[in-house]
Structure formats: structure tokens, C-alpha cells
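Accompanying notes for the structure given below.
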Amino acid sequence: MSQSTGTRRGFLKLGAALGGTALSTPFIARNALAAEPIKVGCLLDQSGPLGLSGQPMLQATQYAVKVINDQGGLLGRPLQLVVYDTQSSMQLYTQYAQQLALKDKVAVVHGGITSASREAIRPIFDRFKTLYFYNTQYEGGVCDRDIFCTGTTPAQTVSHIVPYALKNWGKKTYIIAADYNYGHITAKWMTKYTREGGGQVLETDFFPLDVTDFSATISKIQQASPDFVLSPLVGANHLGFYRQWAAAGMKSKIPVASSVFGLSNELNSMDASVTDGIISAFGWYPTVPGAGSKSFLDGMTAMFGKGLPMLSELDSASYEGMMFWAEGVKKAGTIDRLPVIKALESGITIDGPSGKATMDPATHHVIHNAYLAKAEKAEWVIQDTYPASPPADTAAVCDLIKNPRMDKQFIVNVD
Amino acid sequence: MDLYGLVGFNILVGIGTIALITVGLGVIYGMMKIINLAHGEFMMLGAYATYVATAHGINIWIAMLIIAPVFVGLVGLVVERCLIRFLYGRMIDTMLATWGLSLGLIGLMTSIFGNDPRGVSTPVGSFSIGHYAASLYGVVIIVVAVLALVGLYAMLSMTRYGLIVRATMQNPNMAAALGVAPPTIYMATFALGAGLAGLAGGVLAPISGVSPVMGAAFIAKAFITVLGGGAAIVTGTSLASGLFGFIDTFVSFKSTPVIGEVALLLAAVVMIRILPQGITGRFLRRSL
């Protein structure tokens with residue numbers, strides 16, 4: 001199928017919809033394409049340091065595709081996943097992104113884990129006019145009409161963690177963050193919310209992803225003696241902090257809250273004596289009640305067996321991202337980029353694992369439920385629920401309806 | 001005052017850690033002149049040996065102090081027989097071969113255990129210095145590092161095997177003429193170095209976590225310390241880890257771990273410029 005007939009079909013469809021006869025896909029065109037699957041691209045790290053997060057994300061994506069195909073696919077066509085393993089390497093992200101856009105000509109790409117990888121591939125999909133879904137909780141602020149971000153942002157998570165800590169633990173905090181864009185921007189949000197809550201940030205330290213020895217930092221934290229520690233630390237090496245923190249006997253003295261802890265099976269890979277008491281907030285936990293959550297967990301277990309790690313928001317967001325796109329395609333009646341974007345901008349709501357989730361037209365981020373939970377005996381025990389949390393951080397600066405040509409990431413300013 | 005105690009203790013732990021991750025490489029690179037880029041992966045194997053052993057209910061002390069070094073020593077033996085013995089005297093080739101080996105080991109362990117980091121729980125608790133708390137495990141690291149260095153020193157200087165090893169490393173042909181079989185000695189020494197790497201991996205497993213890619217975090221520091229130490233492996237390793245460990249921990253405490261790492265590298269660059277043969281290339285030349 002050439003590009004031009006697709007556009008013409010989309011144009012016809014649009015004309016038909018405007019004419020008031022919605023749902024009318026030209027009969028002949030639909031039959032002609034019935035056999036041809038819709039290609040859906042997926043870029044997730046299956047190996048390397050990020051493979052641990054990427055593997056269940058891919059499984060959730062495969063599960064979502066299976067659910068859609070079991071219901072007869074989209075527009076009468078089945079979905080076909082085109083998956084590349086980016087191996088935790090930025091170079092492979094850019095290489096495979098071009099391949100998906102130019103060679104495979106996929107209808108949409110889901111993927112990217114770290115913010116660094118998202119910023120590496122986002123311009124490529126912009127340039128080659130490929131629709132892109134980023135399904136990871138991240139630091140917020142991406143304002144670009146070609147991308148939809150289905151994970152939570154600091155306004156949905158950090159904004160709940162910090163007040164909880166200020167209320168229950170005290171006013172002074174010490175921030176330890178990963179040394180790349182996610183850690184820096186999240187640390188700024190943490191500083192902002194702490195100050196707004198009347199608290200004080202004693203110190204912020206950044207750690208490259210290969211740091212494993214935190215003994216000097218643990219001494220520094222003790223010297224500063226904060227009431228609690230906020231940690232956007234990322235990756236397997238940084239887990240050493242939690243181990244050394246517990247080993248130094250600090251866990252019973254100064255509590256820790258994190259914006260990332262729990263996204264990589266931490267509660268199963270570390271002893272409960274290390275993880276107990278850590279606070280986090282995400283859009284979904286396996287312990288979230290509700291039918292959507294249960295059917296997602298049951299479906300994943302039925303498809304992949306008992307070998308699954310503890311699932312997290314990364315996986316529920318990957319599932320929801322695919323479902324959002326599917327709803328957009330259904331509503332647009334085509335897989336063409338612009339009609340699908342317009343359909344998604346009409347405020348589509350889906351019922352996902354985390355409950356009702358709505359695509360915010362102005363920011364291309366998702367309004368969804370957020371949860372605050374505490375680790376107890378290797379389980380996330382939900383402490384609080386924040387229904388229909390808006391992506392307020394991005395909404396404050398980004399309006400794609402007014403400025404559809406906007407293409408940048410806003411970064412919060414804290415002095 | 002308590003704070004000085006705490007920082008002092010941390011500096012000792014930092015020195016102990018560097019000494020521990022370096023001593024195995026000191027044997028393999030410093031003595032045998034094999035650029036072992038798989039050193040970090042040998043440590044990783046030691047950490048996995050500890051993890052698997054403790055998961056099967058074996059006492060953690062036995063797991064990390066005996067099983068890890070013995071297992072990795074045996075792996076080293078096999079590696080030496082299958083790969084390294086063809087490459088003696090070809091330093092650049094050893095680099096390529098061991099780099100391949102390290103990639104292979106990472107891939108092998110990933111396909112067996114998966115990508116996820118595993119944990120080994122710390123066997124000891126914490127203690128307090130004034131009103132500051134520190135991990136007792138730091139004491140374990142210091143003690144093991146000291147024992148490893150003292151043990152290596154005693155073995156090289158006081159035993160017959162140590163004498164033969166030193167002779168073989170210095171002049172294999174002469175040693176052979178005197179009735180020693182250099183291939184056997186090389187094999188045993190490589191296994192010894194691998195075993196020490198395994199010991200380091202086992203001992204550091206509880207604090208760093210266990211994952212197939214963990215070796216990458218240690219390899220650069222180990223090489224810098226060996227180069228900084230120079231030809232005499234025990235004295236050189238001790239002095240260089242003392243210097244680098246002090247700089248790294250102290251600067252990390254005063255500023256951030258990033259600056260600490262920068263200070264360490266800077267110190268290493270300056271030192272290699274002033275002492276191209278390492279510390280023991282200029283001072284204490286006759287030491288071990």
C-alpha cells in the first residue's frame with residue numbers, strides 16, 4: 001500500500017465523518033486490506049542494565065496486542081508487533097528508530113525507557129512523521145504533538161510523596177538523585193514541592209549510574225541529619241544505596257521515599273529488611289484494587305506464566321499506551337498519523353489497570369489515578385489514592401491545542 | 001569528633017575495597033602481564049557463587065570466603081588452559097581475548113540468571129561511632145583485604161611455591177632450566193589471581209548487589225590502582241589503594257561522589273606522569 005492511497009483514504013474518511021456519516025469506512029477499501037496486518041513498532045531494552053525493566057514492558061505490550069487481536073484487531077486488520085532489542089544502548093535506539101520509521105513503516109512506535117533514550121528518538125519520529133508513545137513514568141514537561149506520554153509525571157507522584165513525608169516525618173530533607181536528565185529534573189520538582197510545603201532541602205547530591213559505593217554519602221547524610229531522604233536513584237548499581245543504608249543501621253533512624261523504587265522488581269530482589277518502610281508513588285501497583293488491575297494481572301500471568309517479575313507502572317502504562325492508541329485508531333477509522341492524533345486529542349478515556357485514564361488533549365499526557373504505597377514484607381501496601389490526578393506540571397507550561405507546532409521539553413526552574 | 005571517626009572509618013573501608021578489587025588483578029596483570037579485561041567478570045562470578053550458595057542454605061561466611069574464591073579459581077584454571085596459555089608474551093592479544101571472555105561471561109550469566117540484580121543480605125549489623133552509625137560490614141571488608149594482602153605477601157616471600165612463582169615470572173627459561181615447569185606455574189598463578197577476584201566479588205556482593213554487568217563498575221579502578229602501584233604487587237597495591245582510596249572517599253565526603261571520582265582519576269594521571277612505573281617503580285623497588 002502506497003503512502004498516497006492511505007492519505008486519500010484518510011481524507012475520504014474525514015470527509016465522511018464531517019458529512020455526519022460516522023463509522024463509514026469505504027467497503028471496498030476495507031476488504032482489500034483485510035489480510036494485511038498493521039505494523040506496530042516497539043523499542044525496549046531487553047538486555048543490558050535496563051533489560052530488567054524492558055522485559056516486562058515488552059510482555060505487557062505483547063499482552064495488549066493479544067487482547068486487541070483477540071477482539072478482531074483494528075479496522076478489521078490484525079496487529080503485528082515489530083520489536084527491536086535496544087540493548088540499553090543509545091546508538092541502537094537511534095538506529096532502530098530510523099529503521100522502524102523508514103524501512104518497516106510502522107503505524108506507531110511504543111517504547112523508550114530512560115528519558116535519555118526518549119530524547120534520542122523523539123526527534124527522529126518527529127522528522128519522519130511517525131506517531132510515538134512513551135509509556136514510562138518520567139520527569140514531565142515534554143510538549144510535542146507527535147508524542148503521547150502515558151506514564152505519570154512529578155505532579156502525579158512526587159507531589160504526593162513530598163507532602164506525605166513532610167506531614168509524617170518532618171521538614172528537613174536530603175535529596176540523592178541519578179546524574180542524568182531524569183534525576184536532575186525530578187530533584188528540582190522535589191525541591192519545589194518541599195519548599196511549597198514549608199520544608200527545607202539540606203543538600204542535593206547526584207550520582208552517575210555506575211556508582212556502587214555510597215558510604216561517603218551515608219556519612220554526609222548523617223552529618224546533615226535530615227528528617228527524611230528523597231531518592232530518584234536509578235538502576236541496578238544504585239540499589240547499593242538501599243543495601244548500604246540498611247547495613248549502616250540508618251533505616252530505622254531516617255526514612256526514605258523514592259520516585260523510582262519499585263519499577264524494577266526491587267521488592268523481590270532485595271531482602272525485606274532492606275526495603276520495608278520505603279515510600280513511593282506511582283500510577284499503578286500490583287496491589288491496586290479493581291477489576292482492571294485484576295484482569296491485567298491475571299491476563300499477564302496466563303500469558304507468561306509464573307516467571308513474571310513483580311509488575312509495576314511501567315508495565316501497566318505500556319499496556320495502557322497501546323490501548324490509547326487502539327482507541328484513537330478506532331475513533332479515527334484509520335491508522336494515519338494526523339487523524340489518530342486528532343482522535344486522541346478529543347479526550348479519549350480507557351479503562352486500564354489503574355482505573356479510568358483520560359488522554360489530556362492539551363499536553364498529550366494522561367490524567368489518571370495515582371497511588372502512594374509503603375513497602376511492607378515485600379508487598380506494596382497502598383496508603384492513599386489520588387483519583388484522576390492531572391499532569392499539572394506539564395499542563396502549566398504546555399498547550400498543544402493553542403500551539404500545535406510546539407516541540408520542546410520544559411524544565412522546571414528552582415533557584 | 002565523632003564525625004572524624006566516621007569519616008576515618010569510611011576512608012579505611014574505601015581503601016580496603018580498592019585493595020580487595022585490585023589484588024587479584026595485581027597477580028594476573030602485575031605479575032603475569034596478562035591484561036585481564038575479564039577481571040570484573042571474575043568478580044561477578046564470585047558474587048554469583050556467593051548468591052547461589054547462600055540461596056541453597058550454605059552459611060554466608062563459607063560461601064563468600066571459601067566457595068567464591070575456590071569456584072572462580074577453578075574457572076580461572078579452565079580459562080588459562082583453554083585461552084590464556086596460547087597468549088603468553090602477547091600482551092595486546094590477551095586484551096582482546098579477555099575482553100571477548102568478559103562479554104561471553106556476561107552473556108552466559110544473563111542467560112542463566114537473567115538481568116535482574118540479586119541480593120545477598122549483609123551478615124552483620126551496624127555499630128555506632130558517637131551518635132553516628134556505620135556498617136559493621138566495613139570492618140569485614142577491611143579485615144578480608146588485610147588478610148588477602150598479608151596472605152599473598154607471606155606466600156610469595158616465605159613459601160617454596162612463592163619463590164618458584166617469583167623466579168618463573170622473572171625468567172621463565174632459567175626457571176625451566178632449574179627443573180621448574182613454567183606452564184604449571186603460570187596456570188596456578190592465573191588461578192590464584194582469579195580466585196582473589198572471586199573473593200573480592202563474594203565479599204562485595206552484599207553491598208553492591210549481584211548482576212551480570214556488575215563487573216564494569218570495578219574494572220577501571222582496579223587497573224588504575226595496579227598501574228599506580230607498579231611492579232611490586234603487594235606493596236604497590238597497598239600503597240596505591242591507600243592513596244586512591246583516601247582521595248576518593250575524602251573528596252566524595254567533602255563534595256560529591258562525581259568529584260571524588262574525578263579527583264581519583266586526576267591523582268592517577270598526575271602520578272603516572274611523575275612515576276610512569278608506578279609507586280614501586282621508584283620507591284621500595286626491592287619489595288614484593
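The chain as shown is numbered from 1 upward.
Using N, Cα and C of the backbone, Cβ positions are placed for all residues, glycine too.
Of the candidate ranges B:96-114, B:115-133, TrEMBL annotates residues B:96-114 with the feature transmembrane segment. At the 8 Å Cβ cutoff, the transmembrane segment (B:60-84) and the transmembrane segment (B:231-252) share fewer than 3 close pairs (sequence separation 6 or more) and do not count as touching. Tertiary neighbourhood of the transmembrane segment (B:134-156): same-chain residues 6, 9-10, 12-13, 15-17, 19-20, 23, 27, 65, 122-128, 162, 165-166, 196, 199, 203-204, 206-207, 233-234, 237-238, 288, selected by CB-CB distance under 8 Å and a gap of 6+ residues from either end.
Within the chain, the transmembrane segment (B:176-197) has long-range Cβ neighbours (under 8 A, six or more residues past its boundaries) at 21, 23-28, 31-32, 34, 36, 39, 42-43, 46, 69-70, 72-77, 79-81, 84-85, 88, 148, 152, 161, 164-165, 167-169. Sequence-distant contacts of the transmembrane segment (B:231-252) (same chain, at least 6 residues past either end, Cβ-Cβ under 8 Å): 7, 10-11, 13-19, 22-23, 26-27, 30-31, 149, 152-153, 156, 221, 224-225, 259-261, 263-264, 267-268, 271, 277-281, 284-285, 287-288. When Cβ distances are compared across the two stretches, the transmembrane segment (B:96-114) makes contact with the transmembrane segment (B:203-224), since 3 or more pairs at least 6 residues apart fall below 8 angstroms.
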